[in-house]
């Protein structure tokens, strides 16, 4: 049995966080440790008993047993799991104890609470059932313990009629401890591996989702800034030779540079973000009437969503409404932040217009990403109202 049989494997490699399989093994280690501790405590107290034929021999056996278990704990802490050779030593030592302790007791006490070797036999069987990967090794170890119990009890039995009952009780405990612990370990390890696979799949999905969100953010940024400026210049709405337009282009270029370099643009308050948006709209030639009340305590993502959606709404006024005047208000009512962008332009029939990147991507989806909402109402000849709310 090689090193891989007793060393807990880290499927990710290296010294990373414990895998689910490792945590399952640690749980089994805890169960086995508590079981042994519960058996060793009364074993130590047996030193004070006067019923043993040789009290010094019993004390020596107890001392060696406690020392052996301490050594086993140290090795498991160092290696992470039970080395197969040490498991066999534990089984053989326990079999020796079964003979020695039983022979050191009067025949009437061979299987009462003083015979602490019986409890350690159950602990050794549980350890073998859990530690051995191969079923054959576990069965062989349990057979050694069963044989030791059978022979020791048969040799000491004073009444042959009581022998079957004593053997049945003793052997039943050994077998079932081994079976239950082995089943528990295999089940927990199987579930652990399945959990690791699900976690790995979730990490991949999260990575893909993050990449998609990054692409969408870049798309929106290009749509709301550079594309809007270029469209305005190409349509003749802006004179690219003016200082104002050059400043706008420089800001757009700096914003895109920050996105490409993964720098997080500085986000201030909602009022500051909306004033920035309004300044950009005025550079396009749009006159915006403003009434913004102080709204503090918003997360940067929420402020960015309001700013991006408001920018696109004003861009749509400039490009499609047939007017150069708009109204923007921002307030908080009963805990809900509301930003409205209104124009008195040509309007449109919402049902007859296919939603594009501006309506769906830069307004509705942007607000939905932060658990907000956007409602767009319009009628031909009666202007348009874009209402942004958070929370939805």
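Cβ from N, Cα, C; glycine included.
These numbers come from a predicted model, not from an experiment.
TrEMBL tags one of the stretches 97-118, 163-184, 185-206 as transmembrane segment, and that stretch is 163-184. Residues 139-157 are the range that TrEMBL records as transmembrane segment, among 120-138, 139-157, 215-233. Helix, strand and coil content of the domain 'Histidine kinase/HSP90-like ATPase' (310-391), in residues and according to DSSP, is 26 helix, 30 strand, 26 coil.
Residues 55, 58-59, 62, 65-66, 69, 73, 76, 81, 113-114, 116, 119-120, 122-123, 126-127, 130, 181, 184-185, 188 of the same chain, all 6+ positions outside the transmembrane segment (27-49), place their C-beta atoms under 8 angstroms from a C-beta of that stretch. Tertiary proximity for the transmembrane segment (55-74) is limited to same-chain residues at least six positions away from its ends with a CB under 8 Å from its CB atoms, namely 33, 36, 40, 43-44, 46-47, 49, 82, 86, 90, 93, 97, 100-101, 104, 116, 120.
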